[in-house]
Amino acid sequence: FAGAAGVLVGHPFDTVKVHLQTDNPKNPKYKGTFHCMKTILMSDNIRGLYRGISSPMMGIGLVNAIVFGVYGNIQRLSDDPNSLVSHFYAGSAAGFVQSYVCAPMELAKTRLQLVNQIEGSVKFKGPVQCLMYVYRTEGIRGCFKGLTATILRDIPVNTNTLSFSGFSSYFVSYEFLMQCRETPGVLYTLMSGGLAGIASWLACYPIDVVKTHLQADALGSNAKYNGFVDCAVKSYEREGYMFFFRGLNSTMVRAFPMNAACFFVVSWILDFCKRNGIDM
């Protein structure tokens, strides 16, 4: 439920982020975050901002179950589960495992969001049809296009995780903020979740830009990039370091309400269970 709430709040800004990341820098279509949002609304109504939402909505429950399941179990095995180092390793492991679900899910999401921008793109009705088409044309390997970038984004050996992104940095920053207060209230918890989301994106954003370009690339022999390194090098040579920060503003705007909404729902459900005697 918390993951679904985060997706509903954050998906319009995610669509804007993907459009800005793949915009032509020599002849930009958008002037910024809100101009991009306005352009999508005028051309495709509210449906345009929520295009591709079915993919994360279908997978968010599984992704969060994997993330918090792996994270919690590794914490239990730790000698000092409250240390930030323990949170880092648990978050890194959670990010690695969930990447195998997240990569094909985000491939479908990206291609649905950019259905009118990808040259020669097939019009898909949903994520399942998209992934089935990719599987028929490129095999199972095609469905995991961008997996390396997803793993690098979601673990980092300096990183973080979640569809919120970078897990280790996400959990470490959240736990650090929570440990600063003896009895954190709901508002403080929401603020901590929102700030942790921003911190996690700052840690891994350049990798996310490369991932988006890989997953939006043409299929088969028409593909421009051979992999993560090839995409990063060619894009840097073409545009310089600014390539790696395209769409960062919309991501920062999205990160806080998305993560705050997630933690609000978590807090509400836990409080509901406590008041009704449900053992959590």
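Quick reminder: no glycine exception, Cβ is built from N, Cα and C everywhere.
Pulled from TrEMBL, these are the features on record:
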- 1-77: repeat 'Solcar' (REPEAT)
- 48-72: transmembrane segment (TRANSMEM)
- 82-171: repeat 'Solcar' (REPEAT)
- 184-272: repeat 'Solcar' (REPEAT)
- 185-203: transmembrane segment (TRANSMEM)
- 251-270: transmembrane segment (TRANSMEM)
What counts of helix, strand and coil residues does DSSP assign across the repeat 'Solcar' (184-272)? 76 helix, 0 strand, 13 coil
Tell me, what is the mean pLDDT of the repeat 'Solcar' (184-272)? 84
